[in-house]
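Per TrEMBL, the features are:
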type	residues	note
COMPBIAS	14-27	compositional bias 'Basic and acidic residues'
DOMAIN	38-130	domain 'PpiC'
REGION	1-39	region 'Disordered'
Amino acid sequence: MGKNNAKGGGGGGGDKKGKGKEKKESDSGEQGKGLKPATSINVRHILCEKFSKKEEALEKLRNGSKFDDVAREYSEDKARQGGSLGWKVRGSLDATFEKAAYDLEPSTTGNPKYVDIKTGFGYHIIMVEGRK
């Protein structure tokens, strides 16, 4: 809860307006810490069985490749859809995957904000396109 207070989310509507100017300057850096609770997310992932393949995919992303293009090349799941799993509600995903995905702020495939994790299915690189 303390993290939300820094964003004005925990103090009510009046506080939010007062901090709006500060928020614009640091929007991209802090947004992941103060995300509003969501009941569903539009999520994409790249699933790799091998750690080395996941590392290759991460390197492509770091070098500016689009997330959906990297997913088509490297993912062993949903590759033809650019890694898209579509809209997923809480409780419908692997618990580790879901926690990581719901902690991410939305981004675009051209400039993705992603996280990599390991589950029982393999190595995932996850990005979120939308929250509601």
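Every residue gets a Cβ built from N, Cα and C, even glycine.
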Practice problem: Report the DSSP secondary-structure composition of the domain 'PpiC' (38-130) as helix, strand and coil residue counts. | Solution: 31 helix, 32 strand, 30 coil
Quiz item: Can you tell me the mean pLDDT for the domain 'PpiC' (38-130)?
Solution: 96
